[in-house]
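Database features (Swiss-Prot):
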type: BINDING; residues: Asn235, Met264, Tyr293, His329, Ser349, Arg350, Gly351, Asp390, Gly391, Leu392, Arg393, Glu429, Tyr456; note: substrate binding site
type: BINDING; residues: His433, His497; note: Zn(2+) binding site
type: BINDING; residues: Cys577, Cys580, Cys585; note: [4Fe-4S] cluster binding site
type: REGION; residues: 623-647; note: region 'Disordered'
Amino acid sequence: MSNRKQARLEAKQFIDTLSVQPYPNSTKVYVEGSRSDIRVPMREISLADSLVGGTKEAPIFQPNEAVRVYDTSGVYTDPTHQIDLYNGLPKLREEWIAERADTEVLDDVSSVYTKERLEDETLDELRYGNLPRIRRAKAGYCVTQLHYARKGIITPEMEYIALRENMGRAKYQDEVLTQQHAGQSFGANLPKEITPEFVRREVAEGRAIIPSNINHPESEPMIIGRNFLVKVNANIGNSSVTSSIEEEVEKLVWSTRWGGDTVMDLSTGRNIHETREWILRNSPVPIGTVPMYQALEKVNGVAENLTWEVMRDTLIEQAEQGVDYFTIHAGLLLRYIPMTAKRVTGIVSRGGSIIAKWCLAHHQESFLYTHFREICEICAKYDVALSLGDGLRPGSIADANDEAQFAELRTLGELTKIAWEYDVQVIIEGPGHVPMHMIKENMDEQLKHCHEAPFYTLGPLTTDIAPGYDHITSGIGAAMIGWYGCAMLCYVTPKEHLGLPNKEDVKTGLITYKLAAHAADLAKGHPGAQVRDNALSKARFEFRWQDQFNLSLDPDTARAFHDETLPQESGKVAHFCSMCGPKFCSMKISQEVREYAKGQQGEAGQAIEVKLLDDPLEGMKQKSAEFKASGSELYHPAVSHEEVAEG
């Protein structure tokens with residue numbers, strides 16, 4: 001069997017047999033809002049008790065508070081839910097959308113292309129079987145979250161987000177967990193508690209978006225903005241040479257498990273429409289697309305043959321399926337193309353290169369630019385957010401921050417104001433390849449010219465010398481720009497520049513970028529960001545290995561690495577690891593210092609200082625005698641979990 005057929009078979013088996021797979025020692029908990037149907041999911045990690053004293057015969061333990069973390073996995077980690085990918089996810093937001101009474105259910109689809117696909121019987125085996133009824137704004141109504149926010153309305157989505165962003169941090173009592181460094185926010189407004197009113201205000205001002213198409217009621221509300229937690233996007237999608245519907249659905253579920261806050265379907269191969277339907281009906285996170293890719297497929301890949309009519313039908317098709325945000329490369333103007341002539345890598349954006357080719361072939365501005373107001377009118381009817389694409393982003397560090405890049409950025413700022421006239425939500429896409437010392441300029445320019453609309457960047461990659469490791473080169477830049485104020489980071493996988501990522505590449509990219517986003521939250525001083533770090537550090541110092549694994553971003557890998565050298569169960573309670581061994585563990589020695597300090601009725605630092613300053617010669621004699629009396633052994637075990645177990 002070929003590798004391609006094997007991959008597809010395995011993916012189909014995954015879909016057919018998918019069952020709930022909770023994280024280790026974690027519980028799915030729901031925090032209820034002001035109404036019973038606002039139930040916000042979080043992952044609660046239970047921790048073992050700390051051994052704080054006593055003897056082998058009578059040890060004294062102290063309980064550790066469970067730690068709650070942000071959870072993007074939807075019902076796929078909820079043991080109370082029966083997974084059925086053929087029937088899709090629960091329609092969480094359906095009632096909220098209906099009760100606003102500003103939408104209507106359509107009798108039929110509006111897109112000509114969708115009608116053609118539905119009438120094609122040869123697609124019956126591929127087609128998602130449980131197609132939903134389509135909604136659209138009633139005539140004269142706008143149904144975007146930005147519109148509601150500007151009207152002073154706090155929607156259920158906004159209340160949901162406030163609860164989700166807070167992650168229940170007010171419940172913590174342990175001062176070890178709640179301690180946090182101040183951070184440098186670079187002007188971000190980070191309140192100690194996120195309220196529904198704060199969410200509404202940030203959306204109303206355009207500083208944040210809630211991607212939430214009325215035809216994607218399965219999505220769990222989330223927010224993108226620099227005054228909230230830094231988010232991560234995962235890219236999936238087939239190509240003309242690889243992947244199937246089954247594999248893309250598998251990647252979707254995998255992406256949400258490992259922390260993808262949104263997912264972009266960048267399919268360019270066969271059956272794009274059907275693939276997207278399967279993804280949307282089973283996605284608990286917002287889905288984005290680049291509609292230009294599908295429009296190009298409709299004209300057989302000939303960029304010059306693209307028309308506004310084809311593009312318009314594609315936008316309506318995808319909006320009625322439920323796509324939450326469109327990447328639109330409307331800022332690439334004809335006069336900017338010559339600016340790329342001296343670049344090392346020219347135009348590297350797929351969407352940008354398509355638009356550039358069309359503009360040169362017709363010698364006029366692109367239909368995305370000239371019909372931008374019509375694009376906004378379509379988006380306002382379904383609440384599709386616009387992700388204004390950077391078609392002239394630098395594809396090498398040599399081209400970073402050049403005239404072409406920033407000229408397009410200024411145009412994106414102008415388009416942002418136009419979209420806001422229609423109450424359409426906007427985020428701005430950014431680079432790309434940028435060396436570390438030039439990253440902050442990107443954030444500063446974006447804030448200046450794009451009116452504080454959220455920034456969404458691909459990395460940036462900080463060097464060009466590491467094919468196969470570009471998740472690392474870009475993770476460095478992502479952490480930095482997230483700190484400076486970027487609201488969402490688009491992940492890069494190890495396959496970047498080399499090939500289409502598989503399931504494991506998706507996981508590696510996501511873990512790398514969740515790490516970058518978290519590092520940015522810590523550096524900004526986001527309230528509560530340090531709780532998980534503190535809990536893991538405390539577990540590490542106390543040799544609570546299982547807690548260390550379970551608190552990590554990737555428990556499976558952490559546990560596997562530990563077990564490579566200490567596979568026995570006793571290794572899970574040992575007061576050392578294979579790095580230093582039992583006699584040279586710095587944390588074990590530190591514990592012994594603390595025990596000594598307790599014996600001196602003082603703090604560890606004070607006890608050591610007293611011993612150093614108080615009659616040094618006498619102190620040395622005393623310790624010499626103690627050492628000999630104890631058998632001249634350099635290290636002695638402290639009371640430990642394994643000793644308690646033996647006792």
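Cβ from N, Cα, C; glycine included.
For Gly391 (substrate binding site), the same-chain residues 6+ apart in sequence whose C-beta sits under 8 angstroms from its C-beta are His329, Gly331, Leu332, Ile347, Ser349, Gly351, Gly352, Ser353, Ile355, Ala356, Glu408.
A simple Cβ count within 10 Å picks out one of the binding-site residues Tyr293, Tyr456 as the most packed, and that one is Tyr456. Within 10 Å of the C-beta atom of Arg393 (substrate binding site) sit 27 other C-beta atoms, taking all shown protein chains into account.
Among the binding-site residues His433, His497, the residue whose Cβ has the fewest other Cβ atoms within 10 Å is His497.
Annotated pair Asn235 (substrate binding site) and His497 (Zn(2+) binding site), C-alpha to C-alpha distance, rounded: 14 Å. Cβ contacts within 10 Å of Ser349 (substrate binding site), excluding its own Cβ and spanning all protein chains shown: 22.
The Cβ neighbour count for Gly351 (substrate binding site), using a 10 Å radius and every protein chain shown, is 22. Among the binding-site residues listed (Tyr293, Arg393, Tyr456), Arg393 has its Cα nearest to the Cα of His433 (Zn(2+) binding site). According to DSSP, His497 (Zn(2+) binding site) sits in a coil region rather than a helix or strand. When Cα-Cα distances from His497 (Zn(2+) binding site) are compared across the binding-site residues Tyr293, Arg393, Tyr456, the shortest belongs to Arg393.
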